[in-house]
Structures are given as structure tokens and as C-alpha cells.
Amino acid sequence: MDNKIHSTLLFSLLFFITHLANASSKDQCNQNDKKTLLKIKKSLNNPYHLASWDPKSDCCAWNSLECDDATVNRRVISLTIFSAQISGQIPPEVGDLPYLQKLVFRKITNLTGQIPHTITKLKYLRFLRLSWTNLTGPVPEFLSQLMDLAYLNLSFNYFSGSIPSSLSLLPKLSYVDLSRNKLTGTIPESFGSFSGEVPDLFLSHNQLSGSIPKSLGNLDFNRIDFSRNRFIGDASMLFGANKTTFSIDLSRNMFQFDLSRVEIPKTFGILDLNHNGITGSIPVQWTETPFQIFNVSYNRLCGRIPTGGKLQMFDSYAYFHNKCLCGAPLDSCK
């Protein structure tokens, strides 16, 4: 009887050890990914921010990472390094994490250099955010090879040169933020024909110039911010009563067009046109729109501000410094 108990206990112990070994092997992230991550850490001069990246531990438990739990051989699918004291450049080894879907380097002021070409190896990359760093060079043409890319944010950097027209070829792109850089040139004509859905488009605080391609008028943008550039000419094609636009900011440019003829959808929440050369009057139809933010100051508008709706909810700062606008909240019309 003792032998039987002994055998049963031994069997149970062996089963437990085997099960534990299997479980721990499942916990281990892919060894190729682990080697790559340790190279990335070394390339970034072993920063304190990545102190949890210990070769002796399971890399799926490391900070700034996410592994895919759905697979037996857990692959790294997300690398997010945020607000870190790190100096150096984006390690080219990031391209050696073949299952990466999300890559973020954000609020790292000592991150310099250009976007490495090796990023084109990331065939599953959907989310790319390299913002609030000191990256330089062009916005690379090779980003158009990332066919799964849906979100692109390169804001608050020092990128220069022109916007690559090939970004419009990305079939899943739904968000583009290139604001607060040193970009020059015009908006590419190709941005009037994105191959997938129409993305939110943020290009503010650059040195972009020229007129807006007419082809952009064919698209139903949800959010546009072209503020604080050097754009000229007509931007009225961005509007339309049948569109579903929520927000347009064209402030602090040199646009010139007649506002009287501009129709806007009832979905509008934000409209900022301040500091341009826009003429005409504010259409009565605009009283039907539930504005949350509204500013047409510093233009060359005339006529009575239509009463009703939300237009009187904004103070005189939203209207002042125009040629001859009148009516509440400004002085009454003579």
C-alpha cells in the first residue's frame, strides 16, 4: 500500500514538474525577439527606463512591451517607449521585430537622427507614433511600403522637406499628423484621392505654401487642421453641405475666398478661420450648426452677423478685426 502511495505521489510530482516546465516555456517570448530587444536596449545605451529588460527574465513581462498571447510562440507586437531619459537614435533593429503592430517613441527630447529604413520590414505595422522628439530629415517616402499602416503621427519634431505624395497609396490610413515640423512645399495633389478611407489630416505649424489642391474638395474629411502655414488662395472646396465634416482649422494663413457662398454641414463642431484675407458675409445657414468653437476674426468680412443658433454664444473676440461686420456680439449695425 505504501508503495502505491509512494508511486502516486511520485507520479503527481513528475506531472506537476512537467506541467510547470511547459507553462514556463509558454511564458517565454520568442527568443529571436528577445535577442533583438536586448540589441535595441544596448543601442539606446542601456537606459534606466528599460531596467526591466533583464536577459534572465521572460521578455513578455518587460516594461514598454506587449506580446501576442494568442500564439504559442509569443511574438512582440507592441513597443512603446514614452517620456524616457534616452539619448541616441531609433535603433535600426526595430525592423527585426517582424510581428510588430505598434511602434511608439514619444516625449523623448534627446532622440535624434532620421527614421531608419529598416522600418519597412514591419509588414504588420498599424500604428506609428514618433512625436515630441528631435527627429530630423525628410518624412520618408518609404513609409508608403507599410501597407497595414492606419495611424501615422510624426508631430512635434524637426522633419523638413516636402510631404511624400505616396502616403495617399496606403489603403488603411485613417489618421495623419505631421504638425509642428519644418515641412515646406505644397499639399500633394494625390491627397485628393486616398486609396482607402479619408484620413483626419493635421498639417499645422509648418512652412507649407501654395494653394490647396482642388481635388481635396472631392473628399469628405472629418477633421482638417492646416493652421499656421503660408497657404494662399481658395479653400472653400473643403466645405460642403452634404459632407460630414466635424472640424476645420485654417487659421493664420493667407487664404482669400468669399465666405457668403460657403455651405457647411450640420455636423460641424469646430471652425477656425482667424487671420486670413477672407471676404463676404457670414451665411444665415450657419445658424443651424451646433458650433462648439468658432472664430472668424482678423479677416475682411462685412455685413450683419446672423442671429439665432450658436453664433451669439461666442464673444466679440470671435468676430473682431473685420472690415465691416456688425451685430451682436459686435456693435449694432447702422
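Each residue, glycine too, has its Cβ placed from N, Cα and C.
Residues or ranges marked as domain 'Leucine-rich repeat-containing N-terminal plant-type' in TrEMBL: 31-68. Mean per-residue pLDDT, taken over the domain 'Leucine-rich repeat-containing N-terminal plant-type' (31-68), amounts to 96.
Annotation source TrEMBL lists signal peptide at 1-23.
Across the domain 'Leucine-rich repeat-containing N-terminal plant-type' (31-68), DSSP assigns 19 helix, 3 strand, 16 coil.
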